[in-house]
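**Student:** Can you read through this structure? Questions will come right after.
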């Protein structure tokens, strides 16, 4: 109800400053009786995916709550699941500012944040305090200064630390803002990483006596051949799910608009069609062998339904949430 007024004020500010101010307020009310200020009631729409029970199929995508500081306040808005992160083994400040830009006319965002986060240990401490009743995903990545050849070690360190606290673990190999990261999506590098992750998952299952599914997050900027190879690798290594997609480097839909020349990943409405097409092609290739979590430009109920019609079992929002607020959650969950 109040979001249009709040949004108008926030959109006068630098995007990252607006984010910081919003999270400052959410941190203040999280785990307090004042959570009622953001709480909204949504119907239960149970979904089973990756062996987990979701109270509804709508989640918050990774990147908004990188350090898991506002899980309960965000959960109160009605998300069926929340994905925190991307988190890395060691804290890192990310890329130089400014690094987040609004493409207002297109309801898009461009970011080159660079995995800024307080490190996996800090995230785990925050996760331990949460009372969120939905599924919690933890998205993990590699530190910028870790050579790509040793990148898998960073994922294994993070897995070791988050496993006991995660509903599922998301492997981010598709951010365009960490040099060389996307190369892990291809060929031997991908097979090597997935083998190491599955071995670690088996080891941690024995140690903790519980199975935590692993999903891999992929880019939208993939050729037909690359997509076929990725699908084949995911199936061969028995990965539990795939998150499609991350942000795009493509700018054709925002040519001539403010900030269109900024480097970084583009999200929001300009990503909607291409991410849905990747989901459709991926769904055909996977033929039901593993589930797809659809994300990219969902800004309405219709956009969410399109992702599910293309083959997604669950969907996530981020940019659409920034532009439309908590009402978008209620609209999607109520009518999906």
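Backbone N, Cα and C define each Cβ position, glycine as well.
Sharing the feature lines straight out of Swiss-Prot:
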- 175: active site, nucleophile (ACT_SITE)
- 62, 63, 64, 65, 66, 86, 139, 172, 217, 245, 268, 297, 318, 319: FMN binding site (BINDING)
- 66, 111, 112, 113, 114, 115, 172, 177, 246, 247: substrate binding site (BINDING)
**Student:** With an 8 Å cut-off on Cβ distance to the 66, 111, 112, 113, 114, 115, 172, 177, 246, 247 Cβ center, who else from the chain surrounds the substrate site?
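**Tutor:** For the substrate site, the extra neighbours are 63, 86, 94, 175, 176, 178, 264, 265.
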**Student:** How far apart, in angstrom, are the most distant Cα atoms among the substrate-binding residues 66, 111, 112, 113, 114, 115, 172, 177, 246, 247?
**Tutor:** 16
**Student:** Within a 10 Å radius of its Cβ, which of these binding-site residues (62, 64) has the fewest neighbouring Cβ atoms?
**Tutor:** 64
**Student:** On the three-state reduction of DSSP, what should I expect for residue 268 (FMN binding site)?
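**Tutor:** DSSP assigns residue 268 (FMN binding site) to strand.
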**Student:** When a 10 Å sphere is centred on the Cβ of residue 217 (FMN binding site), how many other Cβ atoms does it contain?
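**Tutor:** Excluding its own Cβ, residue 217 (FMN binding site) sees 25 Cβ atoms within 10 Å.
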**Student:** In three-state terms from DSSP, label residue 318 (FMN binding site) for me.
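**Tutor:** It is coil.
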**Student:** Do me a favour and check the Cα-Cα span between residue 175 (active site, nucleophile) and residue 246 (substrate binding site); whole Å is fine.
**Tutor:** 7
**Student:** Which binding-site residues are spatial neighbours of residue 217 (FMN binding site) here, meaning Cα within 10 Å, out of 112, 114, 172, 246?
**Tutor:** 172, 246
**Student:** Can you name the residues of this chain that are 6 or more positions from residue 114 (substrate binding site) yet have a C-beta less than 8 Å from its C-beta?
**Tutor:** 92, 94, 95, 99, 144, 177, 178
**Student:** Any idea what the Cα distance is from residue 268 (FMN binding site) over to residue 246 (substrate binding site), rounded to a whole Å?
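**Tutor:** Distance (Cα to Cα, whole Å): 11 Å.
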**Student:** Does residue 139 (FMN binding site) have same-chain partners at least 6 apart in sequence with Cβ under 8 Å from its own Cβ, and which are they?
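**Tutor:** Result: 62, 63, 83, 84, 85, 86, 87, 169, 170, 172, 217.
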**Student:** Report, in whole Å, the straight Cα-to-Cα distance of residue 318 (FMN binding site) from residue 112 (substrate binding site).
**Tutor:** 15
**Student:** Between C-alpha atoms, which of these binding-site residues comes nearest to residue 246 (substrate binding site): 64, 66, 318?
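**Tutor:** Given the candidates 64, 66, 318, the nearest one is 318.
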**Student:** Over all pairs within 62, 63, 64, 65, 66, 86, 139, 172, 217, 245, 268, 297, 318, 319, the annotated FMN binders, what is the largest Cα to Cα distance, rounded to whole Å?
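**Tutor:** Across 62, 63, 64, 65, 66, 86, 139, 172, 217, 245, 268, 297, 318, 319, the widest Cα separation comes out at 20 Å.
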